[in-house]
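Chemist: Swiss-Prot lists 1-21 with the feature signal peptide, giving sequence analysis as the kind of evidence. The feature disulfide bond is assigned by Swiss-Prot to 54-68, 61-73, 67-80, with similarity to another entry given as support.
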């Protein structure tokens, strides 16, 4: 019983943060700077997707720079595969 209550509260908290970030994203930039608290502005960054110009796992490539981080272009069939690294 206690576990289900804690899980429910955690899910509600995540939904609140997600909804707040989505609302913040929809509002104009003028309103975003003046009305919202600083912690909400920082939470917005979590829900924004990164737009990268790279190929993901098993994507076609011609050189290593075409692939995303921790991926390398395999010469055999020209696809991006894990390069074996773990660091940032």
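Here the Cβ of each residue, glycine as well, is placed from N, Cα and C on the backbone.
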Chemist: Write out the long-range same-chain contacts of residue 54 (disulfide bond), meaning residues 6 or more apart in sequence whose Cβ is under 8 Å from its Cβ.
Modeler: 66, 67, 68, 69, 71
Chemist: Round to a whole number and give the Cα-to-Cα distance in Å for the pair residue 80 (disulfide bond) and residue 61 (disulfide bond).
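Modeler: If we compare the Cα positions of residue 80 (disulfide bond) and residue 61 (disulfide bond), the gap is 6 Å.
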Chemist: Non-local Cβ contacts of residue 61 (disulfide bond) (under 8 Å, 6 or more apart, same chain)?
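Modeler: Once residues fewer than 6 apart are set aside, residue 61 (disulfide bond) is near 55, 67, 73, 78, 79, 80.
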Chemist: Would you mind ranking the disulfide-bonded residues 73, 80 by how many other Cβ atoms sit within 10 Å of each Cβ and giving me the lowest?
Modeler: 73
Chemist: For residue 68 (disulfide bond), name the DSSP secondary structure in the helix/strand/coil scheme.
Modeler: coil
Chemist: Using a 10 angstroms cut-off on Cβ to Cβ distances, just flag whichever of 67, 68 is the loneliest among these disulfide-bonded residues.
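Modeler: If we count Cβ atoms within 10 Å for the disulfide-bonded residues 67, 68, the smallest count is at 68.
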